[in-house]
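Annotation source Swiss-Prot lists disulfide bond at 52-55, 122-148. For 24-44, 61-81, 83-103, 201-221, 226-246, the entry in Swiss-Prot reads transmembrane segment.
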């Protein structure tokens, strides 16, 4: 009976109908906010891994996607709601892919034998889209305090005597902190230095893109939604507008050269 019921459910499943429900958008919110909270509370606050410029940008990208999901929860079947929810979700993914690739490039350069090749710089004061001063509104979340490409734990001396066994397992024991799982930085498999944080975040953004794009195509091709193609064009246009109008360039911002950062570790 359970097999027959499962077979009927598969037959009745429609991606177009599913994207009209709150479930996929709720999953998107849980994933993006969950990853952001893990980065902040676990890695930054608990394991003393300070976020760099690209790291806080990735948090912003996740937040943009989550806001898109929250808007969709109002009425996911409404076309006007879809315009804002899909646009923000795709916009956040676009930014996220760019920032992950940049972070991975910086990580590879900093850990290579020639750390001065191909790196422009790392800002101490971040520049967010539309010049949003997020680093002022929520500095603990959106102000970079770490070095570009260096995600090793930086434990303050006043915390040496207060580390528990769980923390020591990941960051090591004082004063050298060389025997922890993440003493050489965060990797999915630390012993092999396999898949750094940038690559894992990149995969997360790609997975979100694949699911959302499949939902978007199902919405466009739904024969019961004759105006879907028009709304889809509006969504694409809005994503482009957000991307290119949101780009902010302020030459007066304080910029710290990444070459100076690398000199500290050379």
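Backbone N, Cα and C define each Cβ position, glycine as well.
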Can you tell me which of 24-44, 201-221, 226-246 gets the most C-beta pairs within less than 8 Å of the transmembrane segment (83-103)?
201-221
Sort residue 122 (disulfide bond) into helix, strand or coil using the DSSP assignment.
strand
Does the chain bring the transmembrane segment (24-44) near the transmembrane segment (226-246), so that three or more CB pairs sit under 8 Å (pairs 6 or more apart in sequence)?
no
Ten-angstrom check, please: count other Cβ atoms within 10 Å of the Cβ of residue 122 (disulfide bond), all chains counted.
24
10 Å Cβ neighbour count around residue 148 (disulfide bond)?
25
May I ask you to report the DSSP-based helix, strand or coil state of residue 55 (disulfide bond)?
helix
